[in-house]
Ligand SMILES: Nc1ncnc2c1ncn2[C@@H]1O[C@H](COP(=O)(O)O)[C@@H](O)[C@H]1OP(=O)(O)O
Ligand SMILES: [Mg+2]
Ligand SMILES: [Mg+2]
Ligand SMILES: [Mg+2]
């Protein structure tokens with residue numbers, strides 16, 4: 001009798017089975033890890049299906065927040081260095097290696113994610129092409145900056161390839177702006193004078209679509225995480241040295257404003273922010289710039305007095321003023337003009353404008369007109385800025401008109 005044929009087939013068959021099970025198992029592990037890693041993006045995607053009407057500009061907000069957060073890693077490095085590579089621009093205002101480096105990193109992120117959008121940015125690279133040492137110094141800084149979360153960093157485009165590509169990307173912020181299309185307004189360091197003085201500064205990015213600000217993100221590395229922590233009224237510095245600093249603010253039109261602590265990696269959890277109600281305007285606190293050349297502090301004080309406000313103003317450099325009132329650390333931001341012919345730049349206001357409006361405020365010029373971001377690189381149709389909770393904005397404008405004899 002012939003015995004059943006099995007012996008030679010069995011080991012090969014088992015090996016195949018073990019291999020296929022191993023393959024199945026590894027594929028499952030891979031799928032689970034990919035799903036976990038991208039959970040935030042998946043959540044975003046699913047919410048878009050369930051709330052299509054509220055989904056607009058979520059990706060723009062996410063990229064803007066991440067790009068601003070990454071750029072603050074660079075600015076903080078420079079902030080704590082003694083030599084900040086400061087040069088004076090044609091208009092005599094200062095610019096540092098921090099401003100140039102942050103601009104390169106943020107434009108890279110915009111280019112990677114929204115290649116067809118236009119960009120209006122404050123800085124340009126011509127001085128760096130002449131001053132080779134300065135260019136090299138910025139490149140040394142930029143090439144090593146990355147978010148500690150690899151997925152977030154990859155989303156922004158990974159490292160730039162060379163010093164030349166860095167200079168070229170800095171120069172991609174030269175759009176003339178205008179009333180049509182998608183235009184990002186970028187101030188890589190707003191409040192450079194505060195940055196140099198050790199005070200407040202902000203990394204600011206806004207998206208303007210057909211002349212209207214839709215998205216804003218502002219990183220303020222020196223503002224306290226605690227919304228109600230006291231700020232030194234004359235210097236803008238935080239009073240308790242041990243409290244945590246560094247806040248990332250953002251807003252999307254019709255979706256509210258949020259804040260979260262700045263982090264070195266992925267975005268931290270956010271919370272909604274809003275302006276505080278002002279039942280009695282005499283109790284309001286107003287914010288203004290530190291630099292007397294940028295806003296008329298005497299006129300600001302006269303407006304405050306007319307409103308019965310006796311508390312001293314809180315002086316902060318940069319769009320940190322918009323952020324502060326948006327989270328109820330102050331109520332009114334006055335930027336009354338020193339010179340009637342100064343045209344405010346869109347990158348100095350776009351992100352702050354939407355963050356305050358989405359937190360329940362109104363932002364206008366001294367005549368009570370909304371800021372008009374459709375006129376090019378400047379707010380050519382506006383003079384000065386007045387921001388306050390909606391309910392008291394008219395009262396503030398009335399006082400401004402009396403003081404400025406408008
Ligand atoms: N004469 C001026 N009036 C108003 N703002 C000015 C004036 N000169 C410069 N700025 C801008 O004010 C911003 C800082 O505002 P703040 O004093 O509130 O922190 C800077 O972006 C600065 O622009 P620049 O970047 O060209 O120096
Ligand atoms: Mg600025
Ligand atoms: Mg600037
Ligand atoms: Mg500047």
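Cβ coordinates come from backbone N, Cα and C, glycine included.
With 122, 187, 189, 190 listed by TrEMBL as binding Mg(2+), the candidate from 299, 331, 341, 348 annotated for that site turns out to be 348.
Applying an 8 A CB threshold to same-chain residues 6+ apart, the list for residue 348 (Mg(2+) binding site) reads 187, 190, 204, 319. When other Cβ atoms within 10 Å of the Cβ of residue 190 (Mg(2+) binding site) are tallied across all protein chains shown, the result is 28.
Neighbour counts were taken at the CB atom with a 10 A radius for the binding-site residues 122, 187; the maximum falls on 187.
Of all the Cβ atoms in the protein chains shown, 30 others lie within 10 Å of the Cβ of residue 189 (Mg(2+) binding site).
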